[in-house]
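Database features, via TrEMBL:
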- B:365-577: domain 'ABC transmembrane type-1' (DOMAIN)
- B:24-46: transmembrane segment (TRANSMEM)
- B:58-76: transmembrane segment (TRANSMEM)
- B:88-109: transmembrane segment (TRANSMEM)
- B:201-219: transmembrane segment (TRANSMEM)
- B:231-249: transmembrane segment (TRANSMEM)
- B:256-279: transmembrane segment (TRANSMEM)
- B:285-302: transmembrane segment (TRANSMEM)
- B:314-334: transmembrane segment (TRANSMEM)
- B:361-390: transmembrane segment (TRANSMEM)
- B:411-430: transmembrane segment (TRANSMEM)
- B:436-458: transmembrane segment (TRANSMEM)
- B:556-580: transmembrane segment (TRANSMEM)
């Protein structure tokens, strides 16, 4: 552009340049035009904020990805914050539209949501088999009873493996588990430990990968996490069968869906806020989500959870439609 | 080295041992860190480009068609028999040494995971030799011309893409109005005033520009019909850049060449912009990139031909592109098994996905670029402002002097505060109190600006302090006011130092994750942010999320590709800073 550089000999060219500029501008204005504010696409637009369980994260992001591909005006963002972290920090203060959870919402969280006037509806996303893993080198163990599992993880837990079962080696137990913001932690307490509390003598993390790394690093380590990680890396770790009284059952998509794998098969949830369902693009996404929960390829194949049955899906869809109706009144 | 102590007591002997031990210890310390970093980068590169699956034939093909011609170019430019001998010796000797050593280790010690001796040779010998020869070659005239041209091609493309990215969040329509009503009249007034020596016209330029911008903002709400994006970009960006190119060449005295240097790239860019749609590339982006590449290239080519020295160097891009094409042809023709890199065109243009093959980093790249652009502006303005005030205006003695020292101590302490704390500040202040929203681009850039502010202030202060006082006194003696001295003497002199400090700080900001986690930035988004107030993801956030995916392909390939992308952008930023600094230093 014209600068402070000053040379009189260039006067003519500069004038020419300015007129050329003007000419180009006029031509440009006369040329193709657009009108501002045209939406385009199928009319759905807006943003959807999702936080919550890192267990549900892979499922939710797989579904969101497909939805985003079909609706390019809808921007979706997802953060794995843990079920509890998502409820208390984001969802119940009205910052997110959905919160994923790997256990039902808890009374304290219900209160917090109510205080801020956030209403929600509970949708079942899929079924998970909470998996207990040990090091693949550990050939001295292939299953645990529910009671044995509890002695390992209860608040006043045993120190060495031979205290769990006599034939186990006299070696210290190395524990890797979910952090207390995680729904997996809450569910594990509810299903196995109940009043006995969760030990604090363990490596707590929100990341399955860290648990897997820890367990594969020591022959006497034990850990638990959602089924998806084990499903994708079956050779890296060894999953233990769980004996709830009818003999040991190993975790798999079949045993989880048939209900044999008790008490560790659990439903996964997502909680849309009613207020957000009032927006058409959020409601549409929620419908799409419920439709996809029976998609075998996606839920089981890509992610590693048990898809919902047609029956559950119909129930969920009814609940959702009621909520949407209520929101859009 | 150890000292030889020959004092009055005669020629007593002093042990050299301590000195030698110290020397080797410091050597060890420097090598340990660098080797560790080197190993990390080698493995990340192997993962990102899937080199572990590269067949030896594939490596050999590209070595012969791409690397060898490049080395020959550098050697030709260096034109030094010693260098040539040394390079050939290193390449040949290195080949034997690496192959022998590698085989020996594999045979007797342990398997080296995911590395073959060919790859080891590539990283341990070929890469350093290439870097060395590129350095030596760039000192010859031919090499300097070649690298200069490559720099303009690559840098121009990067600049064009960055500008295109910024227009994703900044409304091009406002920019169009502001440019037409504010910038153009102001520049025209200024040019007229400067030419006719009319100081009033020059003085009016800035107010006219400001009024124009305000009118533009108001009009944006009223006017509903605009030229298409392509025309807006051509008129507001391509035309001025072409005029700038035209002027630079015209200053060198050749009118026909000047018109060609400005006009040809402009024409190519406009044509490219119209045609790009057919290839699935957005037209406006193609237009900007073609102009930012074309004009500097044309200007540079003209200069090289004009000076007539080392014109052969202009063939370097042809050599490289030709080499890559021939390599691809050979690979295709003979069916050489080729690796399938994770870091490819799809990776940087696609959205994240739950399948590793389709996963892309595009929204996170855009998020990072936008944030870093805002952080650069904010921290530069705030940092330079603060440091100029502290260094030039605050007195050094008296009550105010002790206040200065207090401020100084606090700034130094702020630099040591953990980034999570800044995240909390951002969450409380920007996201909640000021209502910029949780996890929005504005909140993130304000938080990160605060985070690096102490570093920018301290480095800018150092730069300003290193301006010799003689210069200030000289300026004072000429009757200059303090403002004139600061503007004309201190800042230009300190500019290279300020720039270096700012860019280093920006490098820290682009890799930060903890503050972003605190302000609730999303880890995964599926579309690029379209305004400053939309939620975004940044590269480190997305990389962190992928690192915890169950599938092994994510944890190795996709994450590695993300790391390499982040590094490339970082190196690009630092490279720009070094270039600007060198230029400013030469200017002084």
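We number each residue from 1, going along the chain as drawn.
A Cβ is built for glycine as well, from the same backbone N, Cα and C atoms used for every other residue.
As a quick check, the transmembrane segment (B:556-580) and the transmembrane segment (B:58-76) miss the bar of 3 or more Cβ pairs under 8 A, pairs 6 or more apart, so the two do not touch. B:436-458 is the stretch from B:24-46, B:314-334, B:436-458 with the greatest number of Cβ pairs below 8 Å to the transmembrane segment (B:361-390). Contact between the transmembrane segment (B:411-430) and the transmembrane segment (B:314-334) is not supported, since fewer than 3 Cβ pairs fall under 8 Å when only residues 6 or more apart in sequence are counted.
Of the ranges B:58-76, B:88-109, B:201-219, B:436-458, the one with the most Cβ pairs under 8 Å to the transmembrane segment (B:314-334) is B:58-76. Remote same-chain partners of the transmembrane segment (B:201-219), defined as residues 6 or more beyond its termini with a Cβ less than 8 Å from a stretch Cβ, comprise 174, 177-178, 180-183, 185-187, 189-190, 192-194. Within the chain carrying the transmembrane segment (B:285-302), a Cβ under 8 angstroms from the stretch's Cβ atoms is held by residues 148-149, 152-153, 155-157, 159-161, 163-164, 230, 233-234, 237-238, 241-242, 244-245, 248-249, 252, 254, 257, 260-262, 264-266, 268-270, 272-273, 276, 314, all 6 or more beyond its ends.
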